[in-house]
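For reference, the structure is listed below as structure tokens.
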């Protein structure tokens with residue numbers, strides 16, 4: 001089922017929560033919506049779910065209009081499932097009852113699944129590794145187990161679209177990584193379209209087919225994880241997704257002269273016009289290195305040892321620049337350094353390797 | 001004095017001074033003894049009295065009571081009245097709670113105040129107001145002096161309790177849990193039936209239990225409406241036994257009290273178990289966002305709701321005011337018939353009613369001050385130094401409040417008429433017995449208020465003050481008092497206002513010269529002086545409003561002073 005959003009606007013009183021959103025979610029596609037809090041990503045998800053009504057624009061699912069200005073099909077009449085940040089398990093039902101609930105009530109369910117509800121519950125629970133937990137109450141589960149139940153519950157009726165609202169952000173770091181793998185596997189197995197809202201760019205980069213970066217109620221950029229990471233269209237995307245430094249300087253003949261330097265010129269490829277026009281260059285911490293000879297002079301301000309790598313902040317004039325290096329040649333605060341540009345071919349292994357960097 | 005160690009009990013203290021622990025604990029055991037004597041022994045004595053017969057112990061009182069058909073009629077009345085009024089409270093309370101917690105109706109704060117009004121105003125004044133409204137209704141001949149009337153006024157008076165409990169629970173149901181059900185295909189009704197209702201049930205049942213206990217406990221309403229119509233319920237039956245001074249009256253009343261107390265205590269226990277069970281998963285923060293948009297129906301729903309709250313909260317009072325300025329009861333409401341004579345009479349001509357305001361004010365101020373000091377002390381030790389002894393103290397102090405007021409009144413008579421065999425200190429028959437009874441009954445309100453305030457100030461803040469070098473005095477003056485004052489003072493205000501208009505306990509303990517506000521209105525009403533009782537009720541409402549307003553103002557000034565150095 002294809003989901004299309006055309007010209008969606010949503011206003012709450014005087015404030016614009018969403019300002020002209022156009023988005024298409026293809027059959028089986030995994031789309032991650034990323035942005036800081038208050039960017040409108042959760043409102044967008046609620047509109048797709050049917051908990052909110054758009055102020056303008058239209059939402060279509062599988063060719064049918066489900067929402068337009070001031071009218072919306074309620075969530076229970078849309079072919080979807082939903083997973084919440086707070087798990088939203090019902091405290092008075094057992095794990096099996098939670099999963100059986102949509103099997104009984106979902107309108108778009110395959111009659112075969114409905115007939116063998118008990119079998120389907122068992123199947124879903126073993127998919128999320130909780131086959132033995134059917135008779136437990138939610139209060140007897142750990143956080144990770146609760147979210148697995150929530151996922152099983154959302155997927156039990158085999159909905160055409162699965163909405164996930166920051167499903168991992170109330171879990172601890174280790175569980176987050178574990179469940180990322182699981183969600184990816186489940187997506188591959190079920191082929192359900194997924195809209196996944198998160199503020200964690202790592203999650204989005206790791207799992208999604210396509211990332212939609214939102215800011216201030218608008219889509220800043222949409223594209224594959226590689227495109228978003230390596231070729232940001234706007235300063236916001238560059239800093240939010242890649243943690244890039246926005247280095248001021250001059251663009252002359254396709255080369256970047258950082259901090260107005262006349263001698264130093266860096267050949268940085270694939271920089272969007274908006275940066276060139278404003279005299280900026282987005283450079284991610286791994287795109288900078290210490291060197292000798294020609295370069296930009298600075299002083300080490302902080303050294304943060306991370307085990308696998310070292311994060312430095314460097315003072316350059318009035319600016320600070322972030323930089324990541326390997327463990328060799330550790331410097332100390334106050335050391336003078338020379339910064340150089342380190343080219344990383346798009347899509348090559350170093351960039352991918354460094355992706356885990358935060 | 002015992003030293004207070006924070007948080008980790010007195011573990012270090014116990015290690016350091018085990019030898020002195022017996023001595024150190026003297027104040028604690030002394031408190032336990034005093035609390036037992038003041039709060040527990042009177043209740044035990046009441047039980048004992050119900051078995052006493054000339055010459056020994058027997059079940060004679062119970063036997064003779066239960067063999068009278070009048071007793072069984074009275075039991076049946078009590079059952080019908082409490083069940084009916086609880087059902088009414090439940091329907092009204094749950095409906096208004098759902099509207100207030102879930103829908104997008106406007107002006108919720110104003111509605112909340114109006115909904116609480118019938119509960120805040122003393123129930124006997126509410127009763128007078130309703131009887132006046134009933135007589136003002138044209139066309140229909142409504143007789144509130146009936147079973148139906150008692151059920152109705154009790155239900156209206158106590159539905160705010162159900163409302164408060166239910167709204168609180170509804171707001172704490174995470175909306176995601178309801179959304180998850182809708183995303184799973186459940187329509188509004190399915191979600192209501194399978195998610196909202198089961199999750200709200202503890203609150204609804206808890207509210208219903210509180211309403212049930214209040215309906216069982218209430219004396220003013222069945223006394224004002226039932227006695228003239230010869231309808232007796234347990235609380236009025238005990239009252240009539242006591243003032244009837246028949247043979248063995250006190251023991252018969254004691255036996256009835258034991259029956260009433262057992263029902264009430266069983267209800268309290270059930271409620272406590274229920275709330276304890278639901279409290280474990282009630283950690284979610286309240287969510288005041290509307291969840292249901294009424295759309296086009298909103299103005300209609302709002303209109304009905306406003307009509308209801310104004311009709312139950314304000315209109316009866318207006319009717320009462322109207323009666324209070326009529327020259328003679330029953331005359332039409334036209335300018336020629338209006339007069340302020342009744343106000344002049346109750347305030348100046350009839351000395352007792354003016355004195356009663358003074359009596360009640362003195363008693364209420366004294367009771368709230370005593371409760372303020374001792375209640376806050378108990379609350380402090382209870383929250384900061386938990387242990388069996390303090391738990392016992394808290395429970396004991398709560399006992400007189402859990403008992404129906406009329407039962408406590410009788411227990412107070414037994415306890416203070418002759419505290420020791422053969423020794424009558426002359427407390428019974430003076431205003432002192434009222435003060436003792438008020439303190440005994442309402443102490444727990446102050447403890448709860450202060451404990452709520454204290455539970456919101458974490459021990460960390462005290463520790464931070466001490467780490468920063470503050471001594472005990474500085475710690476209290478600069479940290480604890482500013483943070484606690486709001487909660488402690490609202491507890492004291494509650495004690496003050498409740499004692500000011502107390503009727504149930506007073507009705508058994510008052511004596512000539514120590515009349516209280518409630519007694520004066522009760523006596524006016526029993527004598528049929530409706531214009532006087534309405535005028536006096538209006539004066540009392542103004543007084544209550546003035547006290548509440550003054551307290552609010554003082555609290556604001558005090559807060560501003562401590563917040564800005």
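Note that Cβ sites are derived from N, Cα and C of the backbone, with glycine treated the same way.
From the options B:232-253, B:254-275, the stretch TrEMBL describes as transmembrane segment is B:254-275. By the Cβ criterion (under 8 Å, sequence separation of 6 or more), the transmembrane segment (B:363-381) is not in contact with the transmembrane segment (B:113-133), since fewer than 3 such pairs are found. Relative to the transmembrane segment (B:72-101), the listed stretch B:145-170 leads the set B:113-133, B:145-170, B:300-321, B:393-417 in CB pairs under 8 A.
Outside the transmembrane segment (B:423-444) by six or more residues, the chain places 38-39, 42, 359, 362-364, 366-367, 370-371, 374-375, 394, 397-398, 400-401, 405, 408-409, 412-413, 416-417, 495, 498-499, 502, 505-506, 509-511, 513-514, 516 with a CB less than 8 A from a CB of the stretch. For the transmembrane segment (B:479-500), the neighbouring stretch richest in Cβ pairs under 8 Å, chosen from B:113-133, B:191-213, B:535-555, is B:535-555. Most Cβ pairs under 8 A with the transmembrane segment (B:28-52) among the ranges B:113-133, B:145-170, B:393-417, B:535-555 are made by B:393-417.
Residues 31-32, 35-36, 39-43, 45-46, 49, 216-217, 219, 234-235, 238-239, 242, 250, 253-254, 257, 260-261, 264-265, 268, 378, 382, 424-425, 427-428, 433, 436-437, 440-445, 447, 502, 504-509 of the same chain sit 6 or more residues outside the transmembrane segment (B:393-417) yet have a Cβ under 8 Å from a Cβ within it.
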